[in-house]
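Colleague: There's a structure below that I have some questions on.
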Amino acid sequence: VTDSFSCLTRMRKVSVLLFLAWVCFLFYAGITLFTSGFLLTRLELTNYSSCQEPPGPVFLPWGSQGKPGACWMPSRFSRVVLTLIDALRFDFAQPQHSHMPGEPPASLPFLGKLGSLQRLLETRPHHTRLYRSKVDPPTTTMQRLKALTTGSLPTFIDAGSNFASHAILEDNLIKQLNSAGRRIVFMGDDTWKDLFPGAFSKAFFFSSFNVKDLHTVDSGILEHLYPTMDSGEWDVLIAHFLGVDHCGHKHGPHHPEMAKKLSQMDQVIQGLVEHLENDTLLVVAGDHGMTMNGDHGGDSELEVSAALFLYSPTALFPGAPPEEPEVIPQVSLVPTLALLLGLPIPFGNIGEVMAEVFSGGKDSSALAQASALHLNAQQVSRFLHTYAAATQDLEVKELHRLQNLFSKASADYQRLLQSPPGTEAALQTVITELQQFLRGARAMCIESWARFSLVRMAGGAALLAATCFLCLLASQWAASPAFPFHSLLLTPVVWAIVGASLYAGLLTMTRLQVELVVLEAAAAVGSLLPFLWKAWGSWRSKRPLAALLPIPKPVLLLLLIRLATFFSDSFVVAEARATPFLLGSFILLLVVQLHWEGQLLAPKLLTVPRLGSSTPTGPPRHSGAYALRLGIGLLLCTRLAGLFHRCPEETPACHSSPWLSPLASMVGGPAKNLWYGACVGALVALLVAVRLWLRHYGNLKSPEPPVLFVRWGLPLMVLGTAAYWALVSGADEAPPRLRALVAGASVVLPRAVVGLAAAGLMLLLWKPVTVLVKAGAGTPRTRTILTPFSGPPTSQADLDYVVPQIYRHMQEEFRGRLERTRSQGPLTVAACQLGSVYSAAVVTVLTLLAFPLLLLHVERISLAFLLLFLQSFLLLHLLAAGMPITTPGPFTVPWQAVSAWALMATQTFYSTGHQPVFPAIHWHAAFVGFPEGHGSSTWLPALLVGANTFASHLLFAVGCPLLLLWPFLCESQRPRKRRQPPGSEAEARVWPEEEEEEEEPLMEMRLRDAPHHFNAALLQLGLKYLFVLGVQILACALAASILRRHLMVWKVFAPKFIFEAIGFIVSSVGLLLGIALVMRVDGAVSSWFKKLVLAQQR
C-alpha cells in the first residue's frame, strides 16, 4: 500500500513538471509565431547577370562600343587590390586638419595614424579619394561582406548568422569575376571561406573569432601579401585584416595598442601603393565602424561610419577632392567596381555607382557619368520588376512612380545620345533623374524588406496573452484541494494532437505546404481550448472580477507601470536606471505594507490542529526597525550595483563604468594589483558566506560526498578562478619563456573550474540529502517516536504525518535528550538539521552555477555577483518577514515576492554590464577556456556568450523555489515553548520538568505534512513566475508590433524583444530545473525516512 501511495506522489510531481513544461511550450509557440511575422527575411533571387544578357537596350557613348574587354561597359582597370581593414572607422582615416566641430581632439591615440592617406590626398588629388562610407545595419562582419559583394541589404534577423556564415547564393562580384575567368587570391578572415567556398584560385585563411589575438591574422597576411603581388599570378587580390577590429574588442579605440595597430596598417598601405602598376586600382575599406567601447553590431553613428579610400596610379578623378569627404552608401562600391572591371553588375544590387570615377577619356565627363548611371538604373529596374513579380512585396504605387521616373530619364538619355551637341545642363538633368530613381528604389527596398506579417504577429501576441491568462487562472486553481493533478498532462496532449491534426488535414486538402511554426501554434491553441472553456464557464457564473485578478492592487500598479515603459523608446533605453528605481519603490512598498498590516515579525505559524494538538504562535520578535534595516540594506545594495552600469549608445553624455573593462586593459601595476586583490576578496567572501550559511543550519556535518565537495571542491574552484584571472590580466607581461605555460594554463584552469562545478552538481543530484546520521546506545528515559501509531505506517499519508515527528525526536537525540526505549531496543537514530534540506540544496546549486558564470565575465564583475547574493539574501528575509505559514497547508507565495524576484533579475542583468542591444554583447566570453577559438564549431561559442548574457536570468530562475522555502527556514529564528498536548498514554510519556523547554522548529519539514499542498505550492510558484515573465514578453511583442514603423524599431524595440524572448526561454528552463531539484530532494527525503522507519521497527 505504501508503494502505491509513493508512486502516486511521484506521479503528482511529474505531472507538475509536465504541466509547467506545457505552459512553457505555449509561450515558446507564441514567441515563435510572432517572430516569424516580425523578423522577416527577404527573398533571395537566384538570377544572375551576364554579358550576353544586358539589363536593357545598350546605349554607350560614342566610340565605346566594340572596345576589347567590353561587357556592359569597357573596363577601366584590369586588376584591383581590395584591402579590407575590419572596423576601420571613418575618423581613424580622416585627415587631422579637417576636424568637424565637436569631434574628439587630436590627442586621441587613433587620430592621425594613417598619414599615408593624407599625403596622397594632398600630393596626388586626381588619383585619390576618401569617402565616408555609410553602412547599413546590422554592423556585423558577415552581413557587411554580403553587402560588399552583392550590393544588397541583409535584413535584421540575419545578424544571428554572424556565428555561422553560410554560402552566398545570390549573384555577387566574386561569382562574376570567376565567370569572367579572373584569378582571385584571398588572404585573411576565414569568414570568406564559408561565404564563397571554392571561389579562390589561391587562399590563405586565418581564424577570425579569437578577438583577443591582435596579430596572427595580420602577420599571416603580410607574410604572403607582397610576394603574391610581385608574382603577378592574380587579377583580384583581397586582403582582410582583423587586427584593428580585435584591438577594439579587447582594448577599445582609446588604448595605445590601437595607435600601434593603425600605424601598422599605414605601413601596409604605403607598401601597396609602391607595388601598384598603372592598370591596378587600390581600394582600402572598412566593413563597419566601432563604438567608443570598441563594439559593433548596432546602428549608432560611429558604427555605421566606415572609411573608403580609392587610389589609382593613373589619373582617375576630374578635380581635387572636396574639403569634407563625400558620404556614400557602402553598397555603392559594388556597381562601381563591377563597371570599372568590365563586369556585369550583380543582379540583386541596389547600390548607386560612384559617378565621379567614370570621368576622363575622349568623352565628356558628364556623359560618361550618365552612361554608367543609366546602366546601373537599367539593372536596378530589372531587379525591381523581377522581385515584384516573385513576391508582390513592393509597394505598387511607389513602384509605379519609380518606373515612370526611370522611363523618363532613360528616354532623355537616349535623346541626348542621338543628338551629340547636347548641352551640359541637359546631361546634369538626366544624371539627377537617374540618381533620384536609384535612391528612391533603394529607399523603397529598405522599407519593403521591413514588411511584416500582421496575421502572424497578431496570432503570436494573442497566444502569449492567452497563456498569461492561463497562468493567472491555474495559479488560483492549484491551491484548490480538488485540483486534478492526474489529468494535467493528458488533457493538453489530446487537444494539441487534435489541433495539429485539424491544421495539417486542412492544408493537405487545400494542397498547401505545412509550416512547422504554424503547426506548432495550432497544437498550442488546441491544447489551450479546454482551459479557455473552463475559464469562460467561470466567467459566465458571474464570479467577481477580483477573483480572476488576484494580484494586489499596489503590485498590479507597479507591474503595469513597468510594462508601460516598454512602449517608449526613451524608457527602454533608460531601463538600466528605471529598474533600480522601481525595485526601490517595491522595497519601500513592502516595508510600509508590513508595518501597516502589523506583520513585522518572524513568519507567522498558523497551525491547524491535528489529533487534538495545537501549536500557538509566539509573540512578535521583529520590530519595525528590523524590516527597516532590511529595506535600507537592499536599497544600498541596489545603489552599489548601479555602479557597474553600461551606458547605451543613445546617451552620449553618460559614461560607462570603468569597472566593466578587464584588468588586462589597465595601465599601471599598483592599481591593477589592488583591483585584483579586491576581485579575489569578493570570491573568498562569497565562498565564506555560503559555507557559514550552510554551517549555521548544520548542513556541513555530514560525511556525504556533496558535503565533502562543498568543503574542498568550492575552495578549489575559487583558487582556479583566481589563478585564471591572474594569468589573463598579466598575459601580455609574461616573460617569453613562460608564455607557452601561461597559454596552456589559460586553457586548463577555466575548464577545470567548469568540470568541478559539473562534478558537484552530479554529486548533489546523486545524494541530495546531506544529513548526519548517528546511531548509539541510550537510556530508558525517552518517549516513543511514532506518537499516534502503535506500528509502522501503512500508507503514504501515515508516513507524511509521521515524518515531522520523527524529525523532532531526532533533533532531540542529536542534542543528547533522546534515548533508548524498552519497546525499541538498544538502538537510537539521530539526524542533524533536516529542516534546511531543500534550501541547502538550492543554495549549493546556485553557488556551483555562479562560479562558472563568473568566469565568463570580466574580473571586477565578481563584486557585482557578491552584491547579487547579498541582495537576494536581504530580499528573501524581507519577504519572509510578512509571509504567513499555514500548516498543514495550503502554502502560498504572494505576488509581491514573485514580482520583486523577477524585477531583481532584470536589475542584475544591467548591473553585470549588459544592455539589450547587440553591440553590448560580451563576445570575449566565447574564448574563456578556448583562447585559440573553436574551429568550425558555432554552438559552443554561442552557448558561452549566451551564458554570459543571461546569467542573471538563469540564477534567479533556478533560485525561485527559495521564495517558498525561506519563510519556513526563517522559523528557526523564533524559538517557541513546548506544551504538553492532551492525548493517549503513549503520548503522555514526557518528563514534567521538560514542559517549558524550548522546542526545535520543524522549518522545511512542515512542507511534508501535506505533500499535495507542497506540490500545489511549487506549481503555483512556477505559474506566477511564468506569468510575470510572460507579460513582459507580451508587452515587448505588442510594443514592437504597434511601433513597427517607429524610427527606433530596429535600434530599440526589436533588440529588446529578442533579448526578452531569449531571456524568457533561459528563465523558464532554469525554473523547471529549480523545481525539479526541489522535487528530487523531496523524493530522496521520502526514501531516507522509509529506510529509517523500517530500521526503527526492526
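Just so it is clear, glycine is given a Cβ too, placed from its N, Cα and C backbone atoms.
As the structure is a computational prediction, the values presented were derived from the model and not from experiment.
These came from TrEMBL, pasted as-is:
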REGION    975-997  region 'Disordered'
TRANSMEM  16-40  transmembrane segment
TRANSMEM  454-475  transmembrane segment
TRANSMEM  487-506  transmembrane segment
TRANSMEM  512-533  transmembrane segment
TRANSMEM  545-566  transmembrane segment
TRANSMEM  578-596  transmembrane segment
TRANSMEM  674-694  transmembrane segment
TRANSMEM  709-728  transmembrane segment
TRANSMEM  740-766  transmembrane segment
TRANSMEM  863-885  transmembrane segment
TRANSMEM  950-969  transmembrane segment
TRANSMEM  1057-1081  transmembrane segment
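Any idea what these are sitting next to in the structure?
Modeller: Among residues of the same chain six or more beyond the transmembrane segment (454-475), those with a C-beta under 8 A of the stretch's C-beta atoms are 19, 23, 26-27, 29-38, 521, 524-525, 528, 531-532, 534-535, 538, 548-550, 1019-1020, 1023-1024, 1026-1027, 1030-1031, 1033-1034, 1037-1038, 1041.
When Cβ-Cβ distances below 8 Å are used as the criterion, the transmembrane segment (487-506) is approached by residues 15-16, 18-19, 22, 514, 518-519, 522-530 of the same chain, each at least six residues removed from its ends.
With a cut-off of 8 Å between Cβ atoms, the residues of this chain six or more beyond the transmembrane segment (512-533) that come close are 22, 25-26, 28-30, 32-33, 36, 459-460, 463, 466-467, 470, 473-474, 491-493, 495-500, 502-504.
Sequence-remote contacts of a segment are chain residues at least 6 beyond its ends whose Cβ falls under 8 Å from one of its Cβ atoms, and for the transmembrane segment (674-694) they are 663, 666, 700, 710-711, 714-715, 718, 721-722, 725-726, 729, 840, 843-844, 847, 850, 854, 859-860, 862-863, 865-866, 869-870.
Long-range Cβ contacts of the transmembrane segment (709-728) within its own chain (Cβ-Cβ under 8 Å, at least 6 residues beyond either end) map to 662-664, 676, 679-680, 683-684, 687, 690-691, 694, 700, 742, 745-746, 749-750, 752-753, 756-757, 759-760, 763-764, 844, 847-848, 851, 854-855, 859.
Residues 603, 697, 835-836, 838-839, 842-843, 845-846, 849-850, 853, 856-857, 868, 872, 876-877, 879-880, 883-885, 891, 893, 897-898, 901-902, 904-906, 908-909, 912, 1003-1004, 1006-1007, 1017-1018, 1021-1022, 1025, 1062-1063, 1066-1071, 1073-1075, 1077-1078 of the same chain lie 6 or more positions beyond the ends of the transmembrane segment (950-969) yet place their CB under 8 Å from a CB of it.
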Colleague: For the transmembrane segment (578-596), which stretch among 16-40, 740-766, 863-885, 1057-1081 has the most Cβ pairs under 8 A?
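Modeller: Checked against 16-40, 740-766, 863-885, 1057-1081; highest Cβ contact count belongs to 863-885.
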